[in-house]
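What TrEMBL says about this protein:
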DOMAIN    9-160  domain 'Aspartate/ornithine carbamoyltransferase carbamoyl-P binding'
BINDING   SER47, LEU48, ARG49, THR50, TRP75, ARG110, HIS147, PRO148, LEU149, GLN150, CYS272, LEU273, ARG300  carbamoyl phosphate binding site
BINDING   GLU142, HIS176, LYS236, ARG276  N(2)-succinyl-L-ornithine binding site
DOMAIN    184-310  domain 'Aspartate/ornithine carbamoyltransferase Asp/Orn-binding'
Amino acid sequence: MKLFSSVNDVKDVPALVAEALQLKKDPFAFQHLGKNKTLSLVFLNPSLRTRMSTQKAGANLGMNVIVLNIDKEGWALELRDGVIMNGTTVEHIREAAGVMGEYSDIIGVRSFPGLKDRDEDYSETIFNKFVEFCKVPVVSLESATRHPLQSLADLVTIEELKTVSRPKVVLTWAPHIKPLPQAVPNSFAEWMCKADVDFTIAHPAGYGLCADFTNSAIITHNQDEAIKDADFIYVKNWSAYEPYGAITGGNEDWMLNNDKLKIAPKAKIMHCLPVRRDLELSSEILDGPQSVVIHEAGNRVWAAQAVLKQMLEVL
Ligand code: SN0
C-alpha cells in the first residue's frame, strides 16, 4: 500500500482486519520491517488517540517515529498556490512537505476541514498537496472528509466483539454545541458499506451526509426505530453537508441515555472520542456495561500497525 486515505485504497478489507487482529496477538513479530525506517506524524490539528496509537504502532514495527505538531511548533504554512507570501505565512506546503519527505519513509498527516467552502474541503486540497510534494507513502491521520484509521479500528472492534455473523450496526447523530467535521461519519459509513453488516444511519432532518459515502446504507430520521435490537450503536455528531457546516439547535433529545437503550439491550456503544459527556452521550452509558469506547480506542494501535506494515512491505 502506498496511500491510505480511504477504504478504496485497501485491496482486501477482511485481510487487513485479520492482519490487525493478528498483530494484536503478536505485536513485535515484524520489527525487522521497520528497522532504520522513519515514520513522521504531522499534525495541523489536535490529537490524542491518533498521535499516541500511530506512534506506538510505528515503534512496535521497529520504526523511528518523529511527531511534529506543525500548527504549534512549525512555521506558519502557506497552503495556497499563486500568492505572494508577504503576510503571516512563512513557508509553503510545497517546500515543507518536500523536506519532510527527505527525512521520512512514511508520512502521516492530520488536517481538518475549514467547514466554510465545501468544494475546497471535499477536494482534499491540503492532504493531496502533502501526497504530491512529499513523494513518500502517506497515511491519513484524519483529513477534511475521512478518518480511515478510525474506521479500520471500528471495523476491527466490530469483528472482534460481534456475537452474530452479520451484526446490525447503527450510526446515530448526536447533539453538540459546535460544528464538527463529517470526516468520521463519512468514513465509518464508507467502511460499513463494504463490510458484512446491516448498516443504518439515523440523523435529524438537515444532517444528511454526502451520498458518495452512504450508498448501501438505510437512512432514517427515526432514532428509536434505527437503534432497536442493534448489535452496535456508533454515536457521533456532525455538522450539515447542506448548507455546509451549519448546525441547528433543538435536537438535544438525540443524546442516548439508558432509557433509550432499553430497546437495544445487547447493543455495544461506540464513539471515536473525544466525547463531551452528557452533551453527545450520557455519562451513565459511558460508565456502564454497554460502552466499548475504551476498547475501541485501544484497537487504534492494531489498525495503524496493520496499515504501516502493508506500507513497509512495499517500500
Ligand atoms: C474531531 C471530529 O472530526 O469530530 C476529531 C474526532 C476524532 N472532533 C472534534 O473536533 C471534537 C471537538 C470538540 O470540541 O468536541
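Cβ coordinates are placed from backbone N, Cα and C, and glycine is handled just like the others.
Keep in mind it's a predicted model, so treat the numbers as computed, not measured.
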Secondary structure content, the domain 'Aspartate/ornithine carbamoyltransferase Asp/Orn-binding' (184-310) (per DSSP, counts of residues): 45 helix, 20 strand, 62 coil
Binding-site residues close to ligand 1 - of SER47, ARG49, TRP75, LEU149, ARG300, only those whose C-beta is under 6 Å away: none
Candidate nearest ARG49 (carbamoyl phosphate binding site) in space, where candidates are the binding-site residues GLU142, HIS176, LYS236, ARG276 and distance is Cα-Cα: GLU142
Candidate binding-site residues SER47, TRP75, HIS147, LEU149, ARG300, pick with smallest Cα gap to ARG276 (N(2)-succinyl-L-ornithine binding site): SER47
Those binding-site residues of TRP75, LEU149, CYS272, ARG300 having Cα within 10 angstroms of GLU142 (N(2)-succinyl-L-ornithine binding site): LEU149
Whole-number Å value for how far HIS176 (N(2)-succinyl-L-ornithine binding site) lies from CYS272 (carbamoyl phosphate binding site) (Cα to Cα): 14
Candidate nearest LYS236 (N(2)-succinyl-L-ornithine binding site) in space, where candidates are the binding-site residues SER47, TRP75, HIS147, LEU149, ARG300 and distance is Cα-Cα: HIS147
Chain-internal residues, separated by at least six, CB under 8 A from HIS176 (N(2)-succinyl-L-ornithine binding site): ASN237, ILE247, ARG276, LEU279, GLU280
Residues SER47, LEU48, ARG49, THR50, TRP75, ARG110, HIS147, PRO148, LEU149, GLN150, CYS272, LEU273, ARG300 [recorded carbamoyl phosphate binders]: greatest CA to CA distance in Å: 30
Spatial neighbours, same chain, of HIS147 (carbamoyl phosphate binding site) - Cβ under 8 Å, 6+ residues apart: SER140, ALA183, VAL184, SER187, CYS272
Secondary structure at TRP75 (carbamoyl phosphate binding site), reduced by DSSP to three states: coil
Least buried by Cβ count (within 10 Å) of the binding-site residues ARG49, ARG276, ARG300: ARG276
Sequence-distant neighbours of TRP75 (carbamoyl phosphate binding site) in its chain (C-beta under 8 A, six or more apart): VAL90, GLU91, ALA96
